[in-house]
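Visitor: Among the features that Swiss-Prot reports, active site, phosphohistidine intermediate is placed at His432. Residues or ranges marked as ATP binding site by Swiss-Prot: Asn45, Tyr465, Arg561, His589. According to Swiss-Prot, the feature Mg(2+) binding site maps to Arg372, Arg402. According to Swiss-Prot, the domain 'PLD phosphodiesterase 1' annotation covers 427-461. Swiss-Prot lists 584-614 with the feature domain 'PLD phosphodiesterase 2', giving sequence analysis as the kind of evidence.
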Amino acid sequence: MGQEKLYIEKELSWLAFNERVLQEAADKSNPLIERMRFLGIYSNNLDEFYKVRFAELKRRIIISEEQGLNSHSRHLLGKIQSRVLKADQEFDGLYNELLLEMARNQIFLINERQLSVNQQNWLRHYFKHYLRQHITPILINRETDLVQFLKDDYTYLAVEIIRGESIRYPLLEIPSDKVPRFVNLPPETPRRRKPMILLDNILRYCLDDIFKGFFDYDALNAYSMKMTRDAEYDLVHEMEASLMELMSSSLKQPDAEPVRFVYQRDMPDAMVEMLRDKLTISRYDSIVPGGRYHNFKDFIGFPNVGKANLVNKPLPRLRHLWFDKFRNGFDAIRERDVLLYYPYHTFEHVLELLRQASFDPSVLAIKINIYRVAKDSRIIDAMIHAAHNAKKVTVVVELQARFDEEANIHWARRLTEAGVHVIFSAPGLKIHAKLFLISRKEGDDVVRYAHIGTGNFNEKTSLIYTDYSLLTADARITNEVRRVFNFIENPYRPVSFDYLLVSPQNSRRLLYDMIDKEIANAQKGLSSGITLKLNNLVDKGLVDRLYAASSSGVPVNLLIRGMCSLIPELEGISDNIRVISIVDRYLEHDRIYIFDNAGDKQVYLSSADWMTRNIDYRIEVAAPLLDPRLKQQILDIIEILFSDTVKARYIDKELSNRYVPRGNRRKVRSQLAIYDYIKSLEQPD
């Protein structure tokens, strides 16, 4: 069988994932405003795809052509364009459908041509007092370097100022980072109507207010556009430059190459050609004629308006009642390991533990690594307070966290100014593990408390991402977490681990060993099986090992949210592999590895997907669940996920996103069922 038939291209698999998001926008069982928000999620995901996946593909094509090689990537580029175009057409149809449905619910997203006289007067006042100060037209002339000053993925209005035969072209940035994208208008009769207007359309309506008195014109026309840049920064540098200086420098220079140009499809041809030329759009780039509005990612924040049933019914965060039995978090964790599962559990327990550590006289030291933290991070505040209280605080800051580089540079400087010892990863070795280690003097001993997680220390994402936190004082684990921090500080010194899987040290070898053990058990007639929950499965070495397991009779069950290169149910190769994906109100983000081990199941929670970069080129940590209670909880949750009959889709060779048929099984929406399961665990004794 040819190699191309054994693996799905990861870029196409990623687009199929985003099409599952679009399915949620189309799903009429979802509340109306949530469907509109899924359109925003789809758009945001697609922007990231072009910044990262498409940009990487473009670089591969250019390198291949420079070397005179026949590039498969060129053919893949055509497949991508075709798939995106089809999905975008579905997107446009869904958006129009949802607008009609919103109107039936008395919510009206109107444009500048639909304003009443009262609303027109109100908008001019709004523009004058709240918006005008953020608007500065940029006139395009022969010397204008659009690539230099256009912001990545910002929407602009390209304006035609027509005077006789003469046309001038200014650009207006839509300042949605300073003014709300959705503006509520004064209601008209009947009062129950809730009219809103997009910021884009306010600018369209107020073009006269912007240009009158500065230009003579016969007509003003405005068309929307945006440009997406390659997200990889060029860090070619002198050897003595620090990583923070490099990242700061690269972020100040908006010179990453464009990879996508999106424009309003009725934009005049002359304007399109002028903008393409100014943006140096090449034949490798994506050129997308789109609708009137771009940056639908703002629709993620579509406001709660109208009836309560237009949004999801709230699921209050659950407290882990074990903490309520003790005077502080340390006593609770020392008594037994604690497993938290977000967003079902509240993230407050982790925040409170770090707050307590910041002033507890018994705490000697805190070490933590941050990858993406919230804008107003209480974790950062706790580390600063701990330093002020003379604790020895070490914060490992990952400066190369894509899209969070600027924020992490800010935090690194703020922490350093507060006296925190800040260290960075070695260039080319990102730290993606989710760890902290608290050292506490208890009698004559120093007891260590560790956190190992699957998600970031981020108050905001803990509300929408499913992730685990394991809190433990078990010395078998805490001693090895201590070694991980030593490895981070000295990445080229030898280090060994007995319990943790640590990339790039031992993860690949141990994962291969555990898969091979399942193969051996199956061949001996013993119980065998592999169950994985991942965001992405694209490492060919691991995919091939799973194929080998399937061929040997090992049942393999996979729950993959995003990219999956593995093709299930290939005769003689993957007959025993089943792959599903779940997209619902929460983003499935945790990673779980389960190996049957002849009935004595090994269960790991991990920060690492099965991608080459996570296994070989990042610092990642997977921890075994040593407490039988916690192991069983994860097994129960995994069983619920695989029993989903509402939001589960099959991953198949055709990338069809077929829903798993319910048949005669009971209706199970796994995320709601998991909430009920966690709630049952947290009942008072």
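Yeah, the Cβs are placed from backbone N, Cα and C, and that goes for glycine too.
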Visitor: Measuring Cα to Cα, how many angstrom lie between His589 (ATP binding site) and Arg372 (Mg(2+) binding site)?
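Guide: Rounded to a whole number, the Cα-Cα distance is 14 Å.
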Visitor: So what's near the domain 'PLD phosphodiesterase 1' (427-461) in sequence-distant terms, Cβ-Cβ under 8 Å and 6+ beyond its ends?
Guide: 235, 243, 330, 333-334, 342, 347, 350-351, 353-354, 357, 360, 362-375, 377-379, 396, 398, 400-401, 467-473, 475, 477-479, 481-482, 484-485, 488, 491, 502, 504, 589-591, 605-608, 613-614, 617-621, 623
Visitor: Arg372 (Mg(2+) binding site) has how many other Cβ neighbours within 10 Å of its own Cβ?
Guide: 18
Visitor: Out of Asn45, His432, Tyr465, Arg561, the recorded positions in the record, which is closest to Arg372 (Mg(2+) binding site) when you go by Cα distance?
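Guide: If we rank Asn45, His432, Tyr465, Arg561 by Cα distance to Arg372 (Mg(2+) binding site), first place goes to His432.
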Visitor: Sort the residues of the domain 'PLD phosphodiesterase 2' (584-614) into helix, strand and coil with DSSP and give the three counts.
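Guide: Counts, helix then strand then coil: 6 helix, 13 strand, 12 coil.
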Visitor: Over the domain 'PLD phosphodiesterase 2' (584-614), what is the model's mean pLDDT?
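Guide: Reported value for the domain 'PLD phosphodiesterase 2' (584-614) is a mean pLDDT of 97.
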Visitor: Around the ATP site formed by Asn45, Tyr465, Arg561, His589, which additional residues qualify by having Cβ within 8 Å of the site's Cβ center?
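Guide: Surrounding the site, in chain order, are Asn535, Gly562, Leu587, Glu588.
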Visitor: Using DSSP with the three-state reduction, classify Tyr465 (ATP binding site) as helix, strand or coil.
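Guide: In the DSSP reduction, Tyr465 (ATP binding site) maps to strand.
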Visitor: Find the longest CA to CA distance in the recorded ATP-binding set Asn45, Tyr465, Arg561, His589; express it in Å as a whole number.
Guide: 15
Visitor: If one measures from the C-alpha of Tyr465 (ATP binding site) to the C-alpha of the residue listed as 'active site, phosphohistidine intermediate', what distance in angstrom results, rounded to a whole number?
Guide: 16
Visitor: How many whole Å apart are the CA atoms of His432 (active site, phosphohistidine intermediate) and Arg561 (ATP binding site)?
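Guide: That separation, Cα to Cα, works out to 19 Å.
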Visitor: Does Asn45 (ATP binding site) have same-chain partners at least 6 apart in sequence with Cβ under 8 Å from its own Cβ, and which are they?
Guide: Phe17, Asn18, Val21
Visitor: Have a look around Arg561 (ATP binding site) and count the other CB atoms within 10 A of its CB, chains all included.
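Guide: Taking all protein chains shown, Arg561 (ATP binding site) has 22 Cβ neighbours within 10 Å.
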